[in-house]
Structures are given as C-alpha cells and as structure tokens.
Amino acid sequence: MTLLVGLGNPTLRYAHTRHNVGFDILDSLVSGLNLSFTFSPKHNAHLCIYKDFILLKPQTYMNLSGESVLSTKNFYKPKELLIVHDDLDLPLGVVKFKNGGGNGGHNGLKSIDALCSNAYYRLRVGISKGTNATEHVLSKFNENEEPLKNAVFEHAKNALKFFIECNDFNAMCNHFTLKKPLAIET
C-alpha cells in the first residue's frame with residue numbers, strides 16, 4: 001500500500017492558492033477516476049482509497065500536515081509515501097521528483113519530517129518565487145499564469161495516474177520530469 005498525500009490548507013479562503021497545489025492535483029486525479037474524498041475525523045483528513053493507494057488531503061493546515069500523515073501511516077501501515085507539494089524554488093511550469101532529502105523551508109514538509117522522517121517520495125510543482133514568500137504562497141495564480149498552471153496540473157495528474165498503474169517511482173520520474181517549464185500553445 002502507498003500513501004499519496006496532497007498538501008494544502010483547508011477552507012475556501014485558501015482554495016486554489018499556490019500553496020494548495022497538492023490539494024488541487026489530488027482533487028483532479030480523484031475526480032478523473034470518478035471517485036470522491038470522504039472526511040475521516042480519525043485522521044483529520046479527506047481520504048480516498050483506490051487500488052493499493054490511500055489518497056490523503058490533511059485538514060490540519062499546512063504547518064501541521066504531519067499530524068494527519070502520521071495518523072494515517074500508523075493506521076494503514078503503507079510501505080511507501082509520496083507527497084505532492086508546491087515548490088518556491090522551481091519556476092512555474094516545472095515538475096520534479098525527489099526521494100528523501102531536505103524540506104527546502106516548506107512548512108508542510110517540515111511537519112512531516114519532524115513526525116514521520118524525511119524518507120519519502122516527492123512530486124514538486126514549481127510555483128516560482130515572489131517578493132514575499134508568505135504572501136506569494138497564499139496568493140492565487142494570476143490570469144496570465146492560468147494556462148500554464150492548468151497544463152502543469154494535468155501533467156502532474158497524469159504522472160500520478162501512471163504511478164498508480166505501475167507503482168514505480170523511478171519510471172514516473174523518467175517519464176514525467178519537466179526540468180524546463182512546460183511549453184504550451186497559446
């Protein structure tokens with residue numbers, strides 16, 4: 001079993017902000033599979049179980065994401081963990097994968113690292129850097145960024161679908177890494 005976590009903040013206030021990339025991509029994946037999330041008070045998260053995967057959206061706010069992840073890990077005992085999250089250090093349009101390593105200052109990852117360890121897979125979605133990091137991650141994508149954002153979200157969703165089918169992180173990395181921003185037709 002694999003635990004697949006999309007990071008974000010709950011409530012409409014934060015819906016579709018840069019920090020909610022993980023939520024939005026998992027929502028798109030679940031919707032595309034004609035499934036839905038249900039709220040689990042036990043794990044304080046929205047859950048969806050599909051094949052050998054537990055899809056999770058913590059409802060703890062970003063800085064406490066590790067609480068939901070730890071609770072879910074302890075209950076289901078997954079062999080692998082993959083986190084989908086925004087990354088300020090990557091330009092919008094870039095998707096990279098990582099196995100373990102540092103958290104890059106991402107508070108959701110810091111929480112998971114502190115409670116669970118940093119030995120997990122990551123799907124990193126570039127959101128670019130802003131002048132003020134806090135304001136930037138909590139802002140919505142602007143109108144000019146929307147086409148690229150939508151294309152990148154679709155690409156990331158397809159990467160996760162591929163991972164669910166083959167359960168091979170390295171194969172997903174080889175097929176779906178975007179080192180340069182995705183080129184889209186306008």
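Cβ coordinates are placed from backbone N, Cα and C, and glycine is handled just like the others.
Together with Tyr14, Tyr61, Asn63, the tRNA site in Swiss-Prot holds one more listed residue from Asn103, Asn107, Asn118, Asn132, which is Asn107.
Under the three-state DSSP scheme, Asn63 (tRNA binding site) falls in the helix class. Of the chain residues outside the tRNA site list Tyr14, Tyr61, Asn63, Asn107, Asn9, His19, Thr60, Met62, Leu64, Ser65, Gly108 have their Cβ within 8 Å of the site's Cβ mean position. Of all the Cβ atoms in the protein chains shown, 25 others lie within 10 Å of the Cβ of Asp86 (site 'Stabilizes the basic form of H active site to accept a proton'). The recorded positions shown are Asn9, Tyr61, Asn107; of these, the one with its CA atom nearest the CA of His19 (active site, proton acceptor) is Asn9.
For the pair Asn107 (tRNA binding site) and Asp86 (site 'Stabilizes the basic form of H active site to accept a proton'), the Cα-Cα distance reads 11 Å.
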